[in-house]
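Okay, structure first, notes after.
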Amino acid sequence: MAVHRSLVIFAIVAFMAPAITLAMDYVMGDDKGWSLYVNYEDWAEDKQFYVGDNLLFKYNNASHNVYKLNGDDFNSCTVPSNNSLGLFSENDRIKFAVAGKKWYICGVTGHCNQGIKLKIIVLDSTAPAAPPSAA
């Protein structure tokens, strides 16, 4: 009886294992951090972001900051006038709580226009995996 119960528990765990995902931490720009001269579109191109993942912004707060925006403000590089909407700690962590489009910029004058900006799509962590491609 104990062996049977162990097999049932093992089967349940094995069945559910593909649904269990581990959150990932992504450091913006890898070892270059959140700074000038990094193409963040290229940086994000081969990554898939999911609900539960973390985006880490590492930078010198004398030179940079982070603002989360909507799409229109991102496209125009409009920095909110309310500083409480910005992050300034040099080591900011943003945990993705909901799926959807996300936009981030550096609010220092001119930096967004010089490329310190990121647009990504965060996927629902419960979405089914893509089917395997035909051989």
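Every residue gets a Cβ built from N, Cα and C, even glycine.
What TrEMBL lists as domain 'Phytocyanin' is 24-124.
Positions annotated as signal peptide by TrEMBL: 1-23.
In the predicted structure, the domain 'Phytocyanin' (24-124) carries a mean pLDDT of 96. According to DSSP, the domain 'Phytocyanin' (24-124) comprises 18 helix, 34 strand, 49 coil.
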